Amino acid sequence: MPTLYQNLGLGGRSRKPVPGSSISLDTFDGDLGTRPGSFSKTEAEISYSPLSPLIQGSPFSFDNPEAYSSGFNSGTNNKSRGWFRFGKQPSRKANRSCSERKPTGWKLGTTIAAGLTLIILLGNSSLLAAFGAQLRRNGYTGNIAPAKSGDCTYIKKLGIVVHLVINVVSTLLLGASNYCMQTISAPTRRDVDKAHARGIYLDIGVPSVRNLRFIQKKRLFFWFCLGLTSIPLHLVYNSIFFVSTVNNLYPIYIANEAFTTGASWNKTMFKAAPGQVDTPESIQNRLMHTDQFEKLSNDDCLNAYAKTLVEDRGAVVVVVEDPRNCSTFTDFLYNYYSDRCLNAEATSLYAQYNYATGFLATTKLTNWYGWLCSQETYYYDYQIHYQQISKLCSDGAWKDQLSPNEWTLGGAKVKYCLSEKIAPKCHLQVALSLIGVVIAFNAVKVIVISIMAASNLINQEPLVTVGDAAVSFIQRPEPTTKGMCMLSAREIINSHEGEVIPAKEYQPQPMKRSAAVSWRRWIVASLMTLTALIVILGLLGYAVATLNSNYGKGDFNSLWSLGVGALTPHTMVESWGVPGTGEAAVIATVLITNMPQLLLSFLYLILNGVVTAMSAASEWSNYGYNLHRPLRVSFPTGGQRSTFFLQLPYRYSVPMMALSVLMHWLISQSFFIAQIYEMRTWRLTSDQKQNPTTTQDADITTTAAYSPMAIFLTAFVVAIVFMLAVVIGRLRLREGMPLAGSCSAAISASCHVLEGTSIYEPVKWGVVIPPEEGKDGVGHCTFSNYHVDCLEPGKRYA
């Protein structure tokens, strides 16, 4: 008979048996004694299935099967025999009817997943219907329009909450898909037998790609359906809602107090620009007859306008004491349409300037809101002007003019400001076309998962948990692994074709959970984590380098001041070859900014598989420790138990999902779509200023933006998630059982039980035939409902 490694083909070169490894025993000898929970040969002969002659000449061979046959009855058991609680083992028919009445195990899990994905589908469909109707009522014809408008502070907070909810929902969808994909890829016993016949082991209880070669084509099709539908979801889901903000470009008037009450001014000196609505006449008229302007103290005025993003203010009239020379104002407030003021006594209006340094302008040579500090706005020669001014206004020079210091403009002392109040109106934009994409792929998930939950079309008795596999191998032992009870997954992986496995001498060794994960899976997890960190830190490096070279803001304090997920002109992506206007700009920017989301989804799935493998090993090793335990199976009967998680307990799965939500939310705040409505308020009527979405005088630009601190925090959380897997891997496994991991062959080798062992009652793995009761000291270990001995160091078992 060929050896296990000849059958499994797990190697390429032949090796000779180890000298002295063969055993020449013919039968076991000696009395089993009267250990608690056991019985002597006179009470009942111990029967053991004929075992493979892998240990040549050992009693576990086909040469002498009668030595292990007996009349031991595996049917009715009395209570004195230990762990059996029932007089009769439940039938498979009863098992099926029970599972049909009430879903358990993976059936319960897929039912919950189907309900969850259906609820999400209904929610997405409701959003599409509700917002579609709302936009039509409001006269919008496109696929992208405001879903909610209002105060910018409120809208930005709403945007954060919405994105957090989206990331929770998308993580739940990903988790449901991963759950069902793991179930679909779980092999049936037929798949395992087919793989073992070809010399290949399969994975039990973990997400697996290696199993896909052996599962049915329809299951493979559904597996790909679930996997491929997750990709577009993560590419667009985070951007079906996004915040667009308003930036007001405003006119500045420097005048004396008499101007506000109707004093005359030099009308020949100030000429209105083409299309300008806010003329000096209209400003003066509104100052006198409306409440559209608010009086601000110097400090309040500085704080209101010392911003790169002015959302709630428009025109400003800076009231100064009568200057001696009004020509100094035009030194820094140059306006093509105004003549130079020469006689301050002949006019109440000294200067007019349209602050048109837009949020989207090229910022490298710009001194933001420089007029507050009597500085020019543009620096066409950066080095020369930077040397002339010790501190730019946008770098904090405006703070030097706060109380108790006097604020002066062009040498004139500022008394107060009159600022036009504009209701800040930011928008939570909704992309109906992207919701449609989400709904389409969400619907595919609902169909596939519902089929799994409602019928056996996809899965037919898969071995989803290690308990399922143990039950299968106990009921129908796998012949290629007989006589190899000490076989570990590592030996399977590292074996060579033709290698003979002798009876093994037990030497207790401390084992870590990390040993249960194949080196290939560790390499993939490490490479994926490294790739994610390289991409994220690459974005951070680009951000810091750009901020440092263009604005001198590459130090930590400057990065911290930019905030998390905040939109600033310094962090806008410029000249990147992507359309900047229209729906095409939104779609292109969404796809690009959400690429990291896809990477983090793959990372989560891979690390989830690593932790799941370690959890399976921990569950398996517990069967060899302390008390008897019921087998955890998909469809429990008798004393068996079930949970609707597959292999990863809640104490691990819930924190990992929470960290996944945090990762996805942080990356959504790190690299995101930015849409700016930039209004030249001097061209707008009062009504138009309150509704920028319907005016042609708002320049709408869509681009990407980044947040260095959010990028850093994302990298930190990614590292934490990987380190969490490493820390779990450092936890010790219970000693005594071979490390089977998720390896089907190693699990099979541990399940060659004595006749009469019930799968419906608690079991424990240990020594059922002591070495001293057989010639040459070879014992056997397996599961039993009765008392089992601990393995003894230096003793041989097979």
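Including glycine, each Cβ sits where the backbone N, Cα and C put it.
All TrEMBL annotations are machine predictions without curation.
Copied from TrEMBL, the annotated features are:
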- 1-22: region 'Disordered' (REGION)
- 106-260: domain 'DUF6536' (DOMAIN)
- 111-133: transmembrane segment (TRANSMEM)
- 160-180: transmembrane segment (TRANSMEM)
- 220-243: transmembrane segment (TRANSMEM)
- 430-454: transmembrane segment (TRANSMEM)
- 522-545: transmembrane segment (TRANSMEM)
- 584-607: transmembrane segment (TRANSMEM)
- 656-677: transmembrane segment (TRANSMEM)
- 709-729: transmembrane segment (TRANSMEM)
**Q.** Considering the transmembrane segment (709-729), which listed stretch of 111-133, 160-180, 220-243, 430-454, 522-545 counts the most C-beta pairs under 8 Å
**A.** 522-545
Q) For the transmembrane segment (220-243), which recorded stretch in the set 111-133, 160-180, 430-454 gives the largest number of Cβ pairs separated by under 8 Å? A) 430-454
Q. Between the stretches 111-133, 160-180, 522-545, 584-607, 656-677, which wins on the count of C-beta pairs under 8 angstroms to the transmembrane segment (430-454)?
A. 111-133
Q: Report, as numbers and ranges, every residue of the chain located at least six residues beyond the transmembrane segment (584-607) whose Cβ falls under 8 Å of a Cβ in that stretch; write 'none' if there are none.
A: 144, 174, 178, 207, 230-231, 234-239, 431, 433-434, 521, 524-525, 528-529, 531-532, 535-536, 539, 578, 656, 660, 663-664, 667-668, 670-673, 675, 702-704, 718, 721-722, 725
Q) Sequence-remote contacts (6 or more beyond its ends) of the transmembrane segment (656-677), Cβ cut-off under 8 Å? A) 160, 163-164, 167-168, 170-172, 174-175, 238-239, 242-247, 359-360, 427, 429, 536, 539, 564-565, 567, 572, 586, 589-590, 593, 596-597, 600-601, 604, 607-608, 611, 648, 692-693, 698-707, 710-711, 713-714, 717-718, 720-721, 724
